[in-house]
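Taken verbatim from TrEMBL:
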BINDING   Asp27, Asp29, Asp245  Mg(2+) binding site
ACT_SITE  Asp27  active site, proton donor
ACT_SITE  Asp29  active site, proton donor
BINDING   Lys220  substrate binding site
Amino acid sequence: MASSKCTSLSGALSRQLLDSVDSVLFDCDGVIWRGDQTIPGAPEVINSLKKNGKRVFFVTNNSTKTRQMYADKLGKLGFNATADEVFGTAYCSAMYLKNVCKLDGKVYLIGSNAMKQELEEVGIQPVGVGPDPISGVQIDWANVPLDKEVQAVLVGFDEHFSYMKLNRALQYLCNPDCQFVGTNTDTRLPLEGGKAVPGTGCLLKAVETAAQRQAQVVGKPSSFMFECVASQFDLDPQKCLMVGDRLDTDIMLGSNCGMKTLLTLTGVSTVAEAEANQKSECPHRQRMVPDFYVDSIADILPALQA
């Protein structure tokens, strides 16, 4: 398609873009829903894409739900979706540890019950889920009992994150053979009304700082997230469209993997930020410039129904 980057998508251009792809990958929060409320028109867009023969996938950095939990939520909100179309970081982390790390031992998990379930689904035993209260003094903390079968530390979102969990992760990661994986680096989770809470990236950075090691991150914008989808469904990135509301995760993922990219303005990032990146001479910022943008994904519905 001949067009400049960061172009407003409408009318004939929408049809041209959709004709050029056979698969569409959607981020979830801020794109097809906000919290428990759908973005108006989003279910109709997803369902119309499928009726038009497009394959649709859902890629999210949120590690607090299993694939089935996401499929259940999608169904309740009116989306035609199945669990095998969902690729969250809970599932992708389990696939990374199994297929890339070839893990045959246990994993120390700073994360959710959903992550525990996804790890168990692929035959990996997690330890550490739930609260880990502190006791004793510093020398006790440095000599905290460790499970000798643990071969990796995995960090995701954990509402029970604590000093003792941070310490236990450090003790495991003192072993250079212990793998170190993080779900994503999102530092803040935006909420309604302009509020926000700390995201997984804050927890991961704390563990990286304590361990003096860098984690392998599997979530967006890491190309592994797309590879996870592509390997199972034989996707050609040049025939894929990545739709998201964040420049630093969704649009960057699309750029990193050679997909077409569409920014929707119902979530985090703005056109002004995209245009500032476009004017920058920094290659990293250039990868955060979408090919197209829309006010809402509902804007492409007329092209689907034409």
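Yeah, the Cβs are placed from backbone N, Cα and C, and that goes for glycine too.
The least crowded of the binding-site residues Lys220, Asp245, judged by other CB atoms within 10 A of its own CB, is Asp245.
Residues Cys28, Gly30, Val31, Ile32, Thr60, Gly244, Arg246, Asp250, Thr264, Gly267, Val268 surround the recorded Mg(2+) site, their Cβ atoms falling within 8 Å of the Cβ centroid of Asp27, Asp29, Asp245, which are themselves excluded.
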